[in-house]
Amino acid sequence: MASDEEMLDVSFPRQYMSLSAMGNPLSDDSTENLLGIFPPSNPRNYVRLSTIDPADNESGERTQIPISPGSEDGYKSLRRSYDEYDTVDWVKDLNKDSDRRARMEQRAKYSFLGQLLLIWDSSSGWICVGLIGALIGIFAVMVDIGVSWLSSLKEGVCRDRFWLNQEQCCWSYNMTVFSPLYGSLSSLNSTSSSPLPANSTTPLTMVNVSLTVNSSLPAASNLTSTMASNTTTIIHPHIAGSGAQAAFGFYSCEQWYSWERLLTGHDGDLSHFGAFILGWIVYVLLAVGMAGLCAALVYFLAPSAAGSGIAEVKTILGGFVMRNFLDPWTLIVKVAGLILAVSTGLCIGNDGPMVHVGACCAKILARFFPKYGLNPSKLRELISAAVAGGMGACFGAPIGGVLFSLEVASYYFPAKTLFRSFFCALAAAYVARALNPFGEEHLILLSVNHDTNWHFVELIPFAILGACGGVFGALVVRCNRAVQKFRRKQCANRPITYLLILTAVFSLIAYLHPDLRVEEKLFIRKLVSSCTAGDQEDLCDYNRLPEGGFGNATVVSKTSLMGSFPAGPRMARGIALLFGALLFKFVGMVLVYGVPVPTGVMLPSIMVGSILGRLMGITVEQFVVTRLTPTSTFYRRLCKPGHPCIDAGLYAVVGAAACLGGVTRATVSLVVIMIELIGGLSYSIPIMVASMFAKWTGDRLFKGSIYDVQIRLNNYPYLQFDKNSNKMANSFASDIMHPRFGEGPLELLTENSMCLEEIEQLLQHSVHNGFPVVESLSSRHLVGFVSRGDLVKALDLGRSHLSRRYHPSSVVCFTDRAPVQETLTPNVFDGCLPLVDVRNIIDLSPTTLTQATPASTIFDVFRTLGLRQVLVTHLGRVTGIITKKDVLRFLDDC
């Protein structure tokens, strides 16, 4: 049965009303005036409460219950009280759904319409998750297109087609490669003047190949004449890339106008310093403007759209209600804000926000499927599937998305949810691929050369890289926690100002770095790519000795680099730039995560890991090339003919997995996501080794992922604790339950001896959301349990006294046993007043524990069964009750 509080949170069709606009949500066990027989001070406090079970009340009759602000303990601080959240009773809801299903099956035996309704009920889940996945895929494509266009807008604009980003603009025209520091390097002329589609294989032509030739070698003249007669090679647009390249170089075309060129007529190189400064200013102003617009949207329209969203989704899937977090307005602001936030160039990924977007889609579409919209536990099955779809659409990794939902986000994940999550992720990934305008190259984030084999001895540097990733993750989590605490104390009243200053500073620095100006995905692809003989990048500058005997020759070729060589003179500059980018991204992740805009942490972690891995790969490669003799057995095992000894791009992939694991503490889902990102299984073992060492090291240095820290910072009600704590080991049910010894009597209902007026008075003076039913107050032998909302509905207590069906002196019967005559009033005994039969609302099999039950067992019971409360007994007598919030408060003290 759906909990009454969650019923208020679900946006119901037609007669049902959402409580999302209320300022004071209900509490399941400690909010005063839940029944609220008292007159409220504000008419706005009246809300509509849904029925106990919509299937049992087809008339759609609603109960009006006033509530008043305030909580049991008057919690007043930046941290939220647990009383602000409502709890879902998984067992009760799933039992109600089973009863509803049984009634439909019974009706289907005698009615053709019933059979059709049963078929629709069985297929509605698959239809719903398919629609959720498709909607997530559409939003993912919208975000990708918007980020690409706004990121290019900071650099310039396409003259004739302003709606195209830089890459798409240059696909349609002749392309030229510029380097503001060193002048024009080469020109790229398309073979056709017609626009190229995203997946086009039409080649471009690259000319002007530079050579440093040793003229004393005999083959020099032959090679020179050959290269002079044929100085072109075939490359493709996605190989050429876009954005700023090494040495401040970037790919552009005549139709693409940088702001410097558009405003001054000069390119923004160092020879035109004024144009360079003007482009710098425009870049920073646009970034700050995007950040300000994003912050304003979130701050004024939908504050719930701020942050990653994974911590909140974990809390919701853990069985709690967070109001306003999944409504349509939050979805709109989240998508628009995500596009603006990522485009600013800050260390922001779209992973967490896409999970939040998926959860919003699930909540919105559940309105049209009452099976899910009116049952909070079933709704959470859709949200679990939506998490898989959001992660799958974000990275193009549907299987990894399913495992991420299972390992990181979900609380209750049965086999049925697993299958539907897989289908949702499949639909999201398919729609994202089908609608993606940039071609399939953009769907594989970490594309590496699968012809390169790794060696068993490389597991040692892979393990070291994993440990480094764990250290990095622990530092990020610990430092970010300190920054968020400082920000909440010092910048609580100036969140937008803090964000604007942060954006301005980071944009000023990023503009000077050739790799930080581009999209993060482009920089990551550069880091994980293997060097070829024609690469002009600093990281691919080697002292090569090709087969003609020529030294220091840079030859454009379609073939990969054969063998490994000592680093060239420009390699040091590339390494220095990587160290600068590493420091920039680390500081950015620490300062940015948690700002009041949509933020994600996975893509920045992948970038930092790629930088760290590339540096490690170069180090290992140069050690092998310069320190080992070519005649040694070890060297011959590492260096096979026709292949490089060490692939630095592979190390970048492993480093990305290590840092991602250090921040999120994921293992299985992380490995699968990374395998899907690189598009192959060849490197599964290195990724597994790195992820395991990252988790071991990270947990040793700091317990918990960045999502767990976010939950603790916001005081979200999520069950997580350390079983090894001394207080947990020495505590029992009597230490957690209420009332404790000396706190007063437990509020009880008797099965057949209380009149309606007595129950109404009990509800007025009680703050609990449910009550044990006993045989009598003297025996206290347990009969069952009944919730407050069920009593309010069944006894018409939400109505005025004139419209109620029962007399205040009528006896309420919770069981079929006859009332005791001594307890009845004369009018009832004479038959003048009818008995009130409420047998259908009592739970005759509540979960019970004894006072001597260990605290660790209580935690496991709540976590595995998804209970809302358990009753505590001693020798068969009810002595107390433990709610999920009681467990949370106890864990806070451990």
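Including glycine, each Cβ sits where the backbone N, Cα and C put it.
Features of the protein shown, as given by TrEMBL:
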DOMAIN    737-803  domain 'CBS'
DOMAIN    841-894  domain 'CBS'
TRANSMEM  110-143  transmembrane segment
TRANSMEM  277-302  transmembrane segment
TRANSMEM  331-348  transmembrane segment
TRANSMEM  382-406  transmembrane segment
TRANSMEM  418-435  transmembrane segment
TRANSMEM  456-476  transmembrane segment
TRANSMEM  496-513  transmembrane segment
TRANSMEM  575-595  transmembrane segment
TRANSMEM  670-694  transmembrane segment
Whether the transmembrane segment (110-143) meets the transmembrane segment (418-435): three or more C-beta pairs under 8 angstroms: yes
Closest-packing stretch to the transmembrane segment (382-406), where packing means Cβ pairs under 8 Å, from 277-302, 496-513, 670-694: 670-694
Recorded stretch that, among 456-476, 575-595, 670-694, has the most CB pairs under 8 Å to the transmembrane segment (331-348): 575-595
Model confidence over the domain 'CBS' (737-803) (mean pLDDT, whole number): 83
Top partner of the transmembrane segment (456-476) among 277-302, 418-435, 496-513, 575-595 - counted as Cβ pairs under 8 Å: 575-595
Residue numbers, six or more beyond the limits of the transmembrane segment (575-595), whose CB comes under 8 Å of its CB atoms: 246, 306-308, 346-348, 472, 475-476, 479-480, 483-484, 487, 495, 498-499, 502, 506, 509-510, 513-516, 523, 538-539, 601, 604-605, 607-608, 611-612, 614-615, 618, 706, 710, 713
Folded-back contacts onto the transmembrane segment (418-435), same chain, C-beta under 8 angstroms, at least six residues removed: 125-126, 129-130, 132-134, 136-138, 140-141, 144, 358, 381, 384-393, 396-399, 401-402, 405-406, 443
Cβ-Cβ under 8 Å with the transmembrane segment (277-302): same-chain residues at least 6 beyond its ends: 150, 153-155, 258-260, 263-264, 268, 324, 329-330, 332-334, 336-337, 340-341, 343-346, 495-496, 499-500, 503-504, 507-508, 511, 517, 596-598
